[in-house]
Amino acid sequence: MIAKVKIVYHITAFSWYAFIIKSMAAKDGEKLPPGIFEFGGPWKYLTFLNLLLQMVFFGMAVVNDLQTGKNTAKGLNKWKDLIFSVLAFPVGMFVVLLFWVIFAYDRQLVYPESLDAFFPLWMNHAMHTVVMPILLGEILLQHHVYPKTKNGLAALGVVGLAYLGWVIFIYLAVGLWVYPLLGLLSTSGVLGLFLFNMTVVTTMYLLGRTLNNCVWGKGKKVTKNK
């Protein structure tokens, strides 16, 4: 019964993210609202990259649920756990948390009013709200094996630096920051914000590990239907 619930949950989550991404892709060719530039397309936004990440994770979860070969399932399960613990959970929670904190302070810094006509309200919440309950549901539904903390944080740091490099590359290429907030900061301010963001996403990683241990028990071994 539990195995069937997991399969349904993972298929539903994967389908949901695929639908959102398809809905965003359908807007290709529409006139962009003021403040949004074409260079880099949606690939420059962490929100979009996170949606792809969540879709990939739940897609792997579906395939893993349907695997019958023990060795194949075991190998895929390790990768699935790694992606969830190091990327899907911390990045997904980070996107939701930081977006709404900045939005509450001054939405123009992260989601200008001009976007309201481009992305309907339901899509905004699909990108920046629904991610959190889906991830928490995954924590409750399935145990995940976390890597050693130093290894997990090192991998997360590499990903963070890669995205920072991508954002800086875009700025050097077109002279515009992906996020308006960055345009208000000095070079040291941008680096300081990056360090702050890495502190937050690190906290989200540790939160995910703590919740996983609280629900399933530290070091629990799951040998069936994991």
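Along the chain as shown, residues are numbered 1 onward.
Cβ coordinates are placed from backbone N, Cα and C, and glycine is handled just like the others.
TrEMBL: automatically predicted annotations, no manual curation.
Feature annotations, courtesy of TrEMBL:
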TRANSMEM  7-25  transmembrane segment
TRANSMEM  45-63  transmembrane segment
TRANSMEM  83-105  transmembrane segment
TRANSMEM  117-141  transmembrane segment
TRANSMEM  153-179  transmembrane segment
TRANSMEM  185-208  transmembrane segment
>> Does the structure show the transmembrane segment (45-63) and the transmembrane segment (185-208) touching, where I'm treating 3 or more Cβ pairs under 8 angstroms (sequence separation 6 or more) as a contact?
In response: no
> Given pairs 6 or more apart, does the transmembrane segment (83-105) have at least three Cβ pairs under 8 Å with the transmembrane segment (117-141)?
Replying inline: yes
> the transmembrane segment (7-25) and the transmembrane segment (117-141): do they have three or more Cβ pairs under 8 Å, with pairs 6 or more apart in sequence?
Replying inline: yes
